[in-house]
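Single-structure report; data block below.
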Amino acid sequence: MFKRQLKSILKSRDNFMDFLNLCSIIILSLFGNYIISILQDDIRIVHIIRIVTLFVLSVLCYFVVANFKFYNNEAVKEWEKATQGYKQTNSIDNMFMEAITKNKSWFIRRIIICVLCLLIFFFAGKIPYQMLFEHSFYIFIKAFILLLCAIGFFHIYRVTSFFHIAHAITLTVSAYFTYLFSMQLQYPVWLSIPFAISCATGIGMISEIALYKPLRKRNASPMILMISSLGLYTLLQNVISILWGDDTKSIRTGEIKVGNEFLGAYITDIQIITIVVCLVLFLACAFFMKYNRIGRNICAVASNPDLSNIVGINSNRIILWSFGIGSVLAAVAGILIAFDTDMTPTMGFNWLLYGVVAMIIGGVGSNWGLVGGALLLATAQHLAAYYIGSQWMDAVAYIILILFLIGKPLGFSGKRLKKIEI
């Protein structure tokens, strides 16, 4: 089973190599800055190393993936088209570069990666090497939370094709129900968390049954569904404010602990739990969508709802399943955020927007693309908060979003389907 899963991942070379290339950008950037931090006394050597590292990173971003992608079917087809009309005396390099430059989507994607690579290297340049692991750890924590938010929203969006803004309230409600059961009703934490997840998931599924399903029967457009979702979010957010107030709440109990020191970083227990839980849920969700019958039906409805109904798949039932899965992921993310930091009635909306940005960056249709989008967004926001200020985190997220919408609107892993006339 594991070998088949590994082969299927490696076969999707385009998505896998984009994800691997993004990780290599961050690792090499941090490694180059580690060397620079050691040699801070000699300014000339620092400048030389910086220039060499920038050059190596740029070459890596542009050519390493190109050599691998050359064997992809799409690139091979472009290469075969480019070779038509060339004489035998022309070099393979010229034909190869002609094929690659014809694929504008591929070319724009490589340029965006190079630019982001240089920006990451520039902003990470002044981080002391003693703090590299600490910053990297915090980036991964935020990336995992963003991944949960993005996957939860993605599974609802792929089958409904509208922006379920009320998905944010599922994240918020789970945190406040945990506060209700554990702090106000004094239930044990291990019992409060399942209750909170169940209540939040129930709210998400009830919104589909009571609101969206009747609107779809009336042939409501995605815009009408989105406006209805916005109204539901506003209503439930105000209900939370009335019941618990607008001030910040916390579900952490006991003394404030510094955390366990590891390689210069102070890691708390909840942060370790966050990484483990997010990783397990991500793998479980990917396995469920590929090998479970309901998961395959979800993919079928997302691909072609009309054809799915013809072959006997109940699309309304599958949409309800998608709302349930997405709500569970959002509920878990909300509880983890509340335990790690604090909670407010508007916390869900901010994380929803971050998750949507990560989904658009990664591309709708690939789990590995979502991982890359979450990792890129978390890295950019963390570096912006470290150097510029936390008030610029939202601006950085939307700047990256605008760049991708202009240069690569389908994201890292998105692919445009060709229309065939029959």
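Cβ from N, Cα, C; glycine included.
Taken straight from TrEMBL:
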TRANSMEM  20-39  transmembrane segment
TRANSMEM  45-65  transmembrane segment
TRANSMEM  107-125  transmembrane segment
TRANSMEM  137-157  transmembrane segment
TRANSMEM  162-181  transmembrane segment
TRANSMEM  187-211  transmembrane segment
TRANSMEM  223-244  transmembrane segment
TRANSMEM  264-288  transmembrane segment
TRANSMEM  318-339  transmembrane segment
TRANSMEM  351-377  transmembrane segment
TRANSMEM  384-406  transmembrane segment
Closest-packing stretch to the transmembrane segment (351-377), where packing means Cβ pairs under 8 Å, from 137-157, 162-181, 187-211, 384-406: 137-157
Cβ contacts under 8 Å made by the transmembrane segment (137-157) with residues that lie 6+ beyond its boundaries: 163-164, 167, 170-171, 265, 267, 271, 274-275, 278-279, 281-282, 285, 298, 322-323, 325-330, 332-333, 336-337, 340, 351-352, 354-356, 358-359, 362, 364, 367, 370-371, 373-375, 377-379, 381-382
Under an 8 Å Cβ to Cβ limit, what residues of the same chain, 6 or more beyond the ends of the transmembrane segment (162-181), are close to it? 149, 152-153, 156, 187, 191-193, 195-197, 199-201, 203-204, 207, 222-223, 225-226, 229-230, 232-233, 236-237, 240, 243-244, 249, 251, 326-327, 330-335, 337-338, 343, 345-349, 351-352, 356
How about the transmembrane segment (264-288) and the transmembrane segment (318-339): at least 3 CB pairs under 8 Å, pairs 6 or more apart in sequence, or not? yes
